[in-house]
Amino acid sequence: MAEVLVYVDHVDGAVRKPTLELLTLARRIGEPVAVALGNGAADTVAALAEHGAVKVLTHEAAEYADYLVVPKVDALQAAVEAVSPAAVLVPSSAEGKEIAARLALRIGSGIITDAVDLEAGDEGPVATQSVFAASYSTKSRVTKGTPVIMVKPNSAAVEAAPAAGAVEALSVTFSDKATGTKITSRTARESTGRPELTEAAIVVSGGRGVGGADNFALIEALADSLGAAVGASRAAVDAGWYPHTNQVGQTGKSVSPQLYIASGISGAIQHRAGMQTSKTIVAVNKDAEAPIFELVDYGVVGDLFDVVPQLTEEIKARKG
Amino acid sequence: MSLRIVVTVKYVPDATGDRHFADDLTVDRDDVDGLLSELDEYAVEQALQIAEDADDAEVTVLTVGPEDAKDALRKALSMGADKAIHVEDDDLHGTDAIGTSLVLAKAIEKAGYDLVISGMASTDGTMGVVPALLAERLGVPQVTLLSEVSVEDGTVTGRRDGDTASEQLQASLPAVVSVTDQSGEARYPSFKGIMAAKKKPVESWDLSDLDIDADEVGLENAYTTVDAATERPARTAGTIVKDEGEGGKQLAEFLASQKFI
């Protein structure tokens, strides 16, 4: 069976959920071979094996943390040459896209970004994408080289499938361009204790209707009652009420959770572009004419300052 | 010594219009108005600021696209860019990101550059891969997804805010930079700027000017193919209730019925 390379996104050995989703998708088109790079690479092996990696190629070097992107491209290229895979899967994160794009150029291959599903086809893997603010769904294939496909978080349910996870050291020679962009300092993002926005099963977002930074406490309380991530519309971010890293929309993050709750968000096309693929959509808004109500499975026309706290209390009561 | 800045921009269909596919499954541009991609306005802004801080600098805006794409160049010129290059060729129809990066890279090399600045992504395709592809093709450092950027003494530095960490980056020129919508509000063209833009030079290049063969670009030679595009079925009308004091409880009931609680 053909081997499929899966690029491992991890933080000091802790594998991030989108990578486990990739392993699940990879099994549909071949045998997953994972590539784990940098500090903690060896610590990823157990999680990767548990989710179907037949082999894990590891390489640790300071370059991965000290320089931007290119050392990882060099390593992935070495892995492609070592394995000759049927496809390469990379999480569709900002960094994942940059690594995958440069790799594709080097190996003469086409790229597909932001796939939301993947299946085996007669002429190679077929990727589903959601385009034009999710108003269309397309099926695409790479027609030249080894398909390099970037898959969005939440595109597949993680399934355990224990496999050998045989560890092999990857041999990497860094190119002379590898040290071109130096990372002179790194500040880890302060943990809020909430799930990461793009990975969360439930997202609770606030917009212009929230009316101020302090009022976001209402949105956070609702999120915490559901174990959800907090999102914000561009209007709320531009007003300085919530950090840009939490922005959902065309110029922010694209999310695809099981449940999306929009509070005080009108639903401009730019926001819809970032959340329209959510499985269930719920909105609370004073304005009955707000376009967000065209998308919802359930909407409440009402003041979020009444509805959201009542909802939070009710959820807490039901959960006991 | 003059600092040569090339800003790559894209003319995109207006997202608030009704976008759809043409018969060949490329984007139908006829039915929707186009405009300068909003995310590229931030790139133009940062280029202008860097140029203003430099002793001697020149900002060139570059686009690849059909005749109408000149509108995007005009907008950038009216913001304050010095000159523009329009790469237009019938053989470019349907070119994918890999092909586009080839055309841009060749044009950037022909124009001459110390710094390339791009937006983080286009607002239509939203792939966000072209800046990295350009850096790979040009063989220069990528300093991408910056929310803050500055250039001094032949060095570009900037801040990149990622999912898990915020990083400070540094590279020597020449380099490819991309900026996010957090890099700073883009200026509006002034009346004076709009009038001045009419007199600024716009060069037109085709594939032969760039020594690119037709079989390296276009829909036929793309590295990917779209086999099918289906309009997402309209969502079935949801339940909408008016809050008369129990709205939160009713919503909780719905969430419980869907097993979210």
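Positions of Cβ are set from backbone N, Cα and C atoms, glycine also.
Look at TrEMBL and you will find A:4-187 tagged as domain 'Electron transfer flavoprotein alpha/beta-subunit N-terminal'.
As annotated by TrEMBL, FAD binding site applies to A:Arg208, A:233-234, A:247-251, A:264-271, A:Asn285. Around A:Arg208 (FAD binding site), taking its Cβ as the centre, 17 other Cβ atoms fall within 10 Å, counting all chains.
When secondary structure is read from DSSP and collapsed to three states, A:Arg208 (FAD binding site) falls in the helix class.
Over all protein chains present, the Cβ of A:Ala268 (FAD binding site) has 20 other Cβ atoms lying within 10 Å. A coil conformation is recorded for A:Ala268 (FAD binding site) in the three-state DSSP classification, outside any helix or strand. A distance below 8 A between C-beta atoms marks none of the binding-site residues from A:Arg208, A:Gln247, A:His271 as lying next to chain B.
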